[in-house]
Amino acid sequence: MSLPAAGGAGPDELIFSVNGRKIVEKNADPEQMLLSYLRKRLRLTGTKYGCGGGGCGACTVMISTYEPASKNIKHYSANACLLPICSLHGVAVTTVEGVGCTKTRIHPVQERLAKCHGSQCGFCTPGMVMSMYTLLRNHPEPSMEQIAAALAGNLCRCTGYRPILDGCKTFCKEPFCCQSKENGNCCLDQEDKLKGEKFSTKLFSADEFQPLDPTQEFIFPPELMRMAENQPKRTLVFQGERTTWISPASLKELLELKAKYPKAPLVVGNTSVGPEMKFKGVHHPVIISPARILDLNVVRYTDNGLTLGAACSLAVVKDALANTVSELPGEKTKIFRALLHQLKTLGGQQIRNISSLGGNIMSRKSTSDLNPILAVGNCTLNLASREGTRWISLSDIFANGVGNNTLTPEEVLVSVHIPHSRKGEFVSAFRQAQRRENALPIANAGMRVLFAEGTDIIMDFGIFYGGIGSTTVCAKHTCQALIGRHWNEQMLDEACRLVLKEVSLPGSAPGGKVEYRRTLIVSFLFKFYLEVLQSLNRMDPHLYPDISEKYGSVLQDFQPKMPQSEQIYQEVNPEQLPRDPVGRPIMHQAGIKHATGEAVYCDDIRAVDEELFLAVITSSRAHAKIVSIDTSEALKAPGVFDIITAQDVPATNEFYYYSDPEIIFAKDKVICVGQIVCGVVADSDVHAKQAAAKVKIEYEDLEPVILTVEEAIKHNSFFEPQRRLEQGNVDEAFETVDQILEGEIHIGGQEHFYMETQCALVVPKGEDKEMDVYVSTQHPALIQEMVASCLGVPANRIMCHVKRIGGAFGGKIGKAGLLASVAAVAANKTGRAVRFILDRGNDMLITGGRHPLVGKYKVGFMNDGRIMAADAKYYINGGCTPDDSILVAEVVLLKLDNAYKIPNLRCCSRACKTNLPSNTAFRGFGFPQSGLITESWITAIAAKSGLSPEKVREINMYKETEQICYIQELDPENLVRCWNECMEKSEYYSRKTAVEEFNKQNYWKKKGIAIIPMKFPFGVFTRFLTQAAALVHIYMDGSVLLTHGGIEMGQGIHTKMIQVASRELKIPMSSIHFCETSTTTVPNACASVASSGTDVNGMAIKDACQTLLKRLEPIISKNPKGTWNDWVKEAFEQSINLSATGYFRGYEANMDWEKGEGHPFTYFIFGAACSEVEIDCLTGDHKNSSVFPCCHPHKILMPSTHPRGWARQGCSWDVLCSLLSGMQWLLCGRKED
């Protein structure tokens, strides 16, 4: 390949800065992203891998650039996972480590996020810090709107976001207030209202925060400034192993390069080409980056519009449009405002900062939010090649149905001209996505109409849709047919008929949701009709009719207020000693380390000498025989060390916990898409993945392929045993009731989406077949057992270590054991350390999630709302192996009554065996599904009996101490208390009246309000599953080291255990340290599941501490005025053991399924919640207006633990998540969210 000459004989040196340190990279690889460079080359592991596609913000860094002409320094946030290092020549990168650290000083952003409890598992926290830090570099006193916009590109799965915002809003110049007094209340009034009561809302003290001092921040490196000012711009060339990166300095050079390499993509932000290369395996031998060319970065205001360079970032485009809108009259800026409407929610801030206007246009993606507006606005493209330049209208490209085919491969988009709108012209943009921010649209549209002057007669009409076809779609024939028509309802009827005929969607259309998208096609058009009608009325109220507020309210987009909340908790007893931390809102012990990026997760562990990387090859068939596996090409690939298959497993390849086995490597057949068939180990993760893509597997499809519950029922495909519960005489009760209700409800699954993907590092120790296994799991003992079994060694040779994990929610138990076993087999065969980190796509492909469920019910009730009998059948989709499905099926039955007394009950549940990845534990463990079904038929009973839903709930709620359906006794006093308090403090009845009035006054927008009680049984059915152990050491200097079997995954268990030890030993928390959870210190520990970790491990810690205190008692009695250090020193001199184990045998729990009775739960947690929502009936868009939860969790160790995260995750399951399978358009059967 002939390439342009570089500055020297070989490729250019890449020069940039990271945290003030100059980086000179002599062998820059164009395929390497900044994220992997930071983590692997510079060992800056604070920047995290969350998704690899710019969607989660965990890898956010700050990029700073210097413009010599203007002497301006620009700071912006960006996703390191999308930035090729070759794009960073001359820039300064700041990571979370450069912001602050515990060794020097922490930054106010880091301090406030930690002290405001904005960190739980901590994996997303560095990204949050960097987004907020970048905002503060540009706006030291930001508004709440700016904060919300800055954080829109960051996901958190633990906190529910509110404590993160609590920390960030302390930088606002506005007071921390909701800015409103709805119902006469203000959030600042809460503390006053609580005076005199033993309750508090104070979770942190803002007075303790260090002030923000902008003068103390990093300066832009002077050396990079001089380089930018003194070195003439020239073409840069970086040569990698497979790809060459060329960055021309002028338009002329770019056109020469494009003529020479017509197939080479142009990359500015890499938000399109990067994911294509990563996720679709596309390889480009040459990549051209035009980002430095001035002609492609112009922002030019002209008399007839705005010209923007193709390389301008969307953030620059947004600013330019906003400036123009603020300066020009409204009739000229309608296209600009429509574009701003789309840019507000297009991606997150990080994406908008790097994604280019030209890339968004030229990608021709159906999901482009800008192309429908640019096309309908008659924007023109300035195209250039060596042959010359030309202008072409974007509307012509899409209207002619040829997409980008009118452009030659040698042509380059130089700039885009956006014209001013004209008098009598109206332009609108529409968009509907799963989430309001940072989500691709399901469908979008740009619409424009031009009327003859002074009339409502259509002179020109344009309708362009996105998300409907393979690219932007123009309803050309519809628009032509409507020219000359008046803007009235007859025109609207005809327009809807024509557009549905012209813009068609087949049932198998990519993206699914076909009926919904068809509805949006018409809904957008109807909204446009109303918008234009409303505008015409404003222009001439006498000539054009006004839209009734009843119908017009649908035109108001949901503008969510800045989130406000108060958490009210019970204060500790005034007599409690100040040093006793129990019950106080203590900051997470690792919170500061989370915020500085110093907290170490599995993949942050330093590289082991000669370590190898593992990539797996998974099945692309749901049910098939493996005919052959061809690894010849993979073995020839660079860096490959070996191939790992089932034949390499020394002992057992299968684990039996029920009748069906869990399988490490598929051997003769595959039973789901995503099942691991074999693996490749190589010297880097890149080489391992490249080689894995070369493995060829030949299949022979088998029948049946079962994907759904309905198909499982049809083929009688179930895991055993079936579970049943029965109480009273159901059949007899049905004979006596006034009414009977029957129904069937289908509930979807949910992806765990823990921020840290599944990962393991297995290190052979070199003798006695010992191995250290570092893994992200909730159950180290199970990992130890599975790894030992597959290797055929005793468990005492496998040491499993867990420091912390980046979220789990039930998803890191059994599957984590299988994945660790895969890595262990590879380490055993190679004799080398093996690192196995799943990327997000493979994590979602290989693992299961929450169980989809089908519930069939028959309920008998009296006319007064009393439920007398229920007969229910539940079928959960278990996937291809049992995993935890039988336990989930049991919980479905044990918790289906929720808070209601059902005198006669018959129910059964079955786990369906299907050809999907095994579904497993997920927060709630079956209760959300069965509870939702119960609440659904409660609401249906209310509708059928003519009673209000809350009345039916109240009538049937447990009110007296009695035995529930499995004979365990229940005292519902706190249930009733929570219900009454929630009713009162949420002002339910007055708000319900307001909701009813709103619904009368609004036709297309509706509100809903509901209040629901909750009885949540706590426990895991069996005593041996709640046992726990702990180990506590006291050292000579008085410091204490403790460990236990619980796993830190965001719930703050280590902090809570330190609280327990602090109380028991009567020493400050600062004297106590937790190191790690390990099978070497606490053997046979039970899984940290079902919210039991704190309870059981706390009891073990308490036992160990009491043992130690008992040993110290004689010394303390002799010297009561001595210090802790004095007593410890004396104990050592008296040869008293200063180390103790603690043990808790577990809570009494049992369940006899043959008899249908037992005492499966330890205690009950009660609560109630009132929620108000608002929906747009045309599009399905919605918002949660308010939520008022009330919970009675008995005595709580740490009130700063957040219930908001649970609620937010539940909302996402109910209204956002949809796991699709079996669709023709799904590549390789992969799941899509």
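Cβ from N, Cα, C; glycine included.
Over in TrEMBL, the protein carries these features:
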- 12-99: domain '2Fe-2S ferredoxin-type' (DOMAIN)
- CYS51, CYS56, CYS59, CYS81: [2Fe-2S] cluster 1 binding site (BINDING)
- CYS121, CYS124, CYS156, CYS158: [2Fe-2S] cluster 2 binding site (BINDING)
- 238-423: domain 'FAD-binding PCMH-type' (DOMAIN)
- 266-273, 356-360, ASP369, LEU413, ARG431: FAD binding site (BINDING)
- GLN778, PHE809, ARG923, ALA1090: Mo-molybdopterin binding site (BINDING)
- PHE925: substrate binding site (BINDING)
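The shortest Cα-Cα distance from CYS121 ([2Fe-2S] cluster 2 binding site) to any of the binding-site residues (CYS51, CYS81, ASN360, PHE925) is found for CYS51. Using a 10 angstroms CA-CA radius around ALA1090 (Mo-molybdopterin binding site), the binding-site residues that qualify from CYS124, ASN270, SER272, GLY358, PHE925 are PHE925. If you compare Cα positions, ASN360 (FAD binding site) sits closest to CYS124 out of the binding-site residues CYS124, CYS158, ARG923.
Ranking the binding-site residues CYS81, CYS124, CYS158, ASN270, LEU413 by the distance of their Cα atoms from the Cα of PHE925 (substrate binding site) places CYS158 first. The Cβ of CYS51 ([2Fe-2S] cluster 1 binding site) lies under 8 Å from the Cβ of ALA58, CYS81, ARG840, each on the same chain and at least six residues away in sequence. Mapped onto three states, the DSSP output places LEU266 (FAD binding site) in strand. In the three-state DSSP assignment, the secondary structure recorded for CYS81 ([2Fe-2S] cluster 1 binding site) is coil. Report note: the [2Fe-2S] cluster 2 site is defined by CYS121, CYS124, CYS156, CYS158, and the residues of the same chain whose CB lies within 8 Å of the CB centroid of those residues, excluding them, are SER119, GLN120, GLY122, PHE123, THR125, ARG157, THR159, MET755, GLY806, GLY807, GLY1050, GLY1205. When the binding-site residues CYS59, GLN778, PHE809, ARG923 are compared by Cα distance to GLY358 (FAD binding site), the shortest distance belongs to CYS59. Note on proximity: of the binding-site residues CYS56, CYS156, CYS158, PHE809, the one nearest VAL268 (FAD binding site) is CYS56, by Cα distance. Within 10 Å of PHE809 (Mo-molybdopterin binding site), judged by CA to CA distance, lies none of the binding-site residues CYS124, CYS156, LEU266, SER356, LEU413. Rounded to a whole value, the Cα-Cα separation of CYS156 ([2Fe-2S] cluster 2 binding site) and CYS56 ([2Fe-2S] cluster 1 binding site) is 8 Å. Secondary structure at SER272 (FAD binding site), taken from DSSP and collapsed to helix, strand or coil, is coil. Secondary structure from DSSP puts SER356 (FAD binding site) in a beta strand. Largest CA to CA distance in the Mo-molybdopterin binding set (GLN778, PHE809, ARG923, ALA1090): 13 Å, whole number. The C-beta environment of SER356 (FAD binding site), restricted to residues of the same chain at least 6 apart in sequence and closer than 8 Å, consists of VAL268, GLY269, ALA291, ALA310, ALA311, CYS312, SER313, LEU314.
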